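So the structure is just underneath, and the comments pick up after that.
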Number of protein chains: 2
Amino acid sequence: MKHVAIALLGCGTVGKGVVDLLSRNGQLIEEQLETHISIKRILIRDLPKYEQMDLPDTIALTTDFNDIINDDEIEIVVEVMGSADFAKECIEQCFKRGKSVVSANKDLIADYGIPLLKLSQENNVDFQFEASVAGGIPVIRPMYSSLNSNRIERIIGIMNGTTNYILTNMTERGLSYETALKEAQEKGYAEADPTNDVSGYDAARKIAILATLGFHSAVTFRDVSVEGIEKITHEDIEHASEMGYAVKLLAIAQQNDDGISLNVHPAFIPRSHPLANVGGAYNAVYVRGNCVGDVMFYGQGAGAFPTASAVVSDVMNVILHFNLTVTGKRKYVWHDTKLTDPRSIRAPYYLRMIVDNAPGVLSSISGIFAENRISIRSLIQKDETKEIAEIVILIDASADGLVRDSLKKVTSLSCVRRVANAIRVIEI
Amino acid sequence: MKHVAIALLGCGTVGKGVVDLLSRNGQLIEEQLETHISIKRILIRDLPKYEQMDLPDTIALTTDFNDIINDDEIEIVVEVMGSADFAKECIEQCFKRGKSVVSANKDLIADYGIPLLKLSQENNVDFQFEASVAGGIPVIRPMYSSLNSNRIERIIGIMNGTTNYILTNMTERGLSYETALKEAQEKGYAEADPTNDVSGYDAARKIAILATLGFHSAVTFRDVSVEGIEKITHEDIEHASEMGYAVKLLAIAQQNDDGISLNVHPAFIPRSHPLANVGGAYNAVYVRGNCVGDVMFYGQGAGAFPTASAVVSDVMNVILHFNLTVTGKRKYVWHDTKLTDPRSIRAPYYLRMIVDNAPGVLSSISGIFAENRISIRSLIQKDETKEIAEIVILIDASADGLVRDSLKKVTSLSCVRRVANAIRVIEI
């Protein structure tokens with residue numbers, strides 16, 4: 001039987017998952033590939049920490065990347081270190097030394113995916129990264145090898161488990177944002193500093209990667225307009241439920257007439273839509289192709305084994321390419337793409353504002369919307385106290401810039417205490 | 001630019017969809033493959049009928065398969081005729097003449113998938129059939145190229161649009177089975193003779209194909225135990241809703257300790273489960289891998305463009321293989337597999353029976369279940385008239401054979417008029 005030696009860079013949750021998966025499913029994998037895979041070396045930072053781990057004796061641990069890059073027997077390097085320029089440097093060196101790379105590193109790929117893919121092709125090696133988006137859910141390979149007969153028009157993803165866990169628990173159990181976040185941190189779903197997740201940056205990286213492949217567009221993380229869930233309150237979620245919507249943090253890539261738009265923001269989506277029922281730490285990617293219509297991929301977006309499932313399936317593909325002698329031969333197509341001005345993107349909006357409980361307030365607010373030709377679909381006023389009232393307005397699809405300008409004017413009214421929230425309604 | 005000539009066998013809904021898709025997305029496809037695809041010939045049955053169709057002049061219509069098989073320029077044959085041994089014969093001839101084949105023919109593949117794949121490999125040609133299961137939803141290729149690092153433990157599919165349309169409309173609009181079926185026929189979702197759909201045979205073919213690939217098992221359509229939706233009444237659906245379930249026709253392939261089981265039957269599934277929300281003519285395939293956990297693929301399971309999307313993506317893969325000179329080189333692994341005795345499969349059951357409205361009835365019925373060590377989870381008796389009562393029982397997970405034997409005994413009780421239905425509860 002043929003034999004391929006691989007190395008891991010990093011041995012955290014995902015790295016250990018890869019080790020365990022290969023031991024659990026090794027025979028099944030070997031049978032399909034007619035090739036035995038062995039993990040020869042693992043790069044780690046701190047030897048004593050890992051020596052206590054339950055790793056097979058056959059694996060050599062090292063803190064020196066040179067031990068891996070200079071080992072000619074190692075044909076595939078699996079990069080599961082996470083962020084940092086060091087990963088990029090290592091991957092580039094691997095390519096130059098003829099080693100194929102599998103990476104689960106969304107930070108890196110959202111920023112440098114295209115230059116790295118180009119470098120891999122120049123060096124005739126494979127570069128695969130299914131695990132960088134939505135953990136174990138097959139979505140990257142299906143995008144370029146199954147939906148490739150379509151012009152992909154739109155990709156909507158729920159791709160951050162932390163925020164989805166928080167929003168699901170705010171909805172189902174009536175928790176406040178703060179309590180839900182605290183619980184997520186206690187359960188290990190959210191990090192001590194949750195910014196990367198709750199502010200939408202994690203989801204932004206994933207949508208940039210999907211748009212690159214789905215739209216054949218050279219975009220990066222920096223092209224995504226990002227808004228997090230920090231401002232969502234229990235009141236917003238209750239209003240959403242009453243109106244038949246769920247609140248989700250969506251990552252949306254869209255082809256428009258004048259370019260593409262990439263956005264991450266909380267949104268109201270109809271309760272009956274499949275995306276509304278993606279709960280807890282699950283992820284889903286909803287893709288519209290011009291021929292296939294709407295397709296959804298759903299599953300666990302994180303975790304040791306689900307992520308390792310995608311990593312090892314990439315390793316298997318690289319080995320398949322070795323065996324067929326087609327390594328580094330898949331072509332990818334990209335175009336430079338104009339970005340649509342985010343201010344021109346139209347959507348209905350849910351607006352919640354806290355105002356003085358006094359005559360004439362409604363007329364002043366609705367006057368501003370009328371001046372800006374924004375049409376009000378529904379309006380509910382609820383007295384909170386004798387002095388304060390809450391107004392919830394649903395406006396028809398309007399350009400984002402116009403909505404923001406109008407809200408500035410609304411905020412400047414002396415009778416308006418604050419605009420508590422403005423959330424887009426995605427009518428899918 | 002390279003050039004590949006293809007031929008279609010058949011030009012019904014899907015065939016015309018392929019013609020239209022290639023004209024709509026031709027440029028995008030060409031760019032990815034660096035290859036131009038042209039449809040050179042189409043095999044049809046009745047010339048005058050198709051001469052009125054809006055087909056490009058460059059396509060030669062023929063009623064003689066020899067015109068295609070003897071044309072050495074044609075490298076790929078797309079078989080979209082549907083059932084019949086003629087398709088098998090044509091495909092075999094194509095393989096022997098070195099032509100790769102893309103087929104959307106589930107009937108054929110559910111029966112002869114493995115022998116055809118073997119023949120294609122002996123002749124060093126490709127054989128692809130993504131469109132044979134769940135229309136445009138990418139599921140076959142992800143199963144063998146993305147979930148291949150997993151031992152697939154279970155596949156549950158809602159894969160028949162006709163029955164899902166009927167059940168959805170019975171649920172949402174309170175229609176009777178007969179009315180919903182009639183409406184489906186009027187709208188073109190169901191055929192004049194709906195047997196193939198409503199009896200579960202169509203879904204059975206699809207699950208046989210998925211189990212073949214997912215379980216690496218040599219199974220065919222004949223290994224599937226099939227039960228249709230004809231006996232489902234509005235009462236069953238109402239009871240399901242009251243208990244928090246939806247009724248769906250499920251195709252289930254499962255790896256058990258003693259073999260695999262393949263079943264198609266109506267089932268109660270929890271309302272909160274993603275499969276419960278797959279409505280109308282949509283399809284979904286829910287796969288459990290031993291590492292990835294649960295993954296779901298969702299989309300349109302039929303229709304000209306969605307199905308053509310899968311067919312053309314297969315054609316693109318075949319061309320990619322041409323360009324990389326790896327045609328016919330992918331290995332598939334199968335084992336002969338023992339089938340689990342269907343009578344041993346355990347599930348909770350919903351049972352509905354019509355009985356005499358008389359004292360002692362409940363005690364006689366519950367006595368039979370007690371004798372068979374079947375535990376009753378809940379029981380509701382509702383008087384229908386002075387003479388007749390309806391009893392709805394939910395029993396704990398019990399072996400199918402035992403349930404059936406017990407129901408025979410129940411039916412033989414003089415106080416029991418009939419067992420109206422027995423539906424499995426799938427607790428996913």
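First residue shown is number 1, and so on along the chain.
A Cβ is built for glycine as well, from the same backbone N, Cα and C atoms used for every other residue.
Now, the feature entries from TrEMBL:
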type	residues	note
BINDING	A:LEU9, A:GLY10, A:CYS11, A:GLY12, A:THR13, A:VAL14, A:GLY15, A:LYS16	NADP(+) binding site
BINDING	A:LYS106	NADPH binding site
BINDING	A:GLU191	L-homoserine binding site
ACT_SITE	A:LYS206	active site, proton donor
DOMAIN	A:350-421	domain 'ACT'
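Location within the structure of each feature annotated in TrEMBL.
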residue: A:LEU9; record: NADP(+) binding site; Cβ neighbours (10 Å): 24
residue: A:GLY10; record: NADP(+) binding site; Cβ neighbours (10 Å): 22
residue: A:CYS11; record: NADP(+) binding site; Cβ neighbours (10 Å): 24
residue: A:GLY12; record: NADP(+) binding site; Cβ neighbours (10 Å): 14
residue: A:THR13; record: NADP(+) binding site; Cβ neighbours (10 Å): 15
residue: A:VAL14; record: NADP(+) binding site; Cβ neighbours (10 Å): 27
residue: A:LYS16; record: NADP(+) binding site; Cβ neighbours (10 Å): 21
residue: A:LYS106; record: NADPH binding site; Cβ neighbours (10 Å): 25
residue: A:GLU191; record: L-homoserine binding site; Cβ neighbours (10 Å): 13
residue: A:LYS206; record: active site, proton donor; Cβ neighbours (10 Å): 27
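Within 8 Å of the centroid of the Cβ atoms of A:LEU9, A:GLY10, A:CYS11, A:GLY12, A:THR13, A:VAL14, A:GLY15, A:LYS16, where the record puts NADP(+), the same chain has further Cβ atoms from A:LEU8, A:GLY17, A:VAL18, A:VAL80, A:MET81. The CA atom of A:GLY10 (NADP(+) binding site) is located 21 Å away from the CA atom of the residue listed as 'active site, proton donor'. The average per-residue pLDDT of the prediction over the domain 'ACT' (A:350-421) is 95, rounded to a whole number. Counting only same-chain residues six or more apart in sequence, the Cβ atoms lying under 8 angstroms from the Cβ of A:GLY15 (NADP(+) binding site) belong to A:LEU8, A:ILE42, A:VAL78, A:VAL80. When the alpha carbons of A:GLU191 (L-homoserine binding site) and A:LEU9 (NADP(+) binding site) are compared, the span between them is 22 angstrom.
If you take the CA of A:LYS106 (NADPH binding site) and look 10 A around it, the recorded positions you hit from A:LEU9, A:CYS11, A:VAL14, A:LYS206 are A:LYS206. Annotation note: A:LYS206 (active site, proton donor) sits in a helical segment as assigned by DSSP.
When the Cα atoms are compared, A:LYS206 (active site, proton donor) and A:LYS16 (NADP(+) binding site) turn out to be 23 Å apart.
In terms of DSSP secondary structure, the domain 'ACT' (A:350-421) contains 24 helix, 33 strand, 15 coil.
DSSP classifies A:LEU9 (NADP(+) binding site) as strand under the three-state reduction. In this structure, A:GLU191 (L-homoserine binding site) belongs to neither helix nor strand by DSSP; it is coil.
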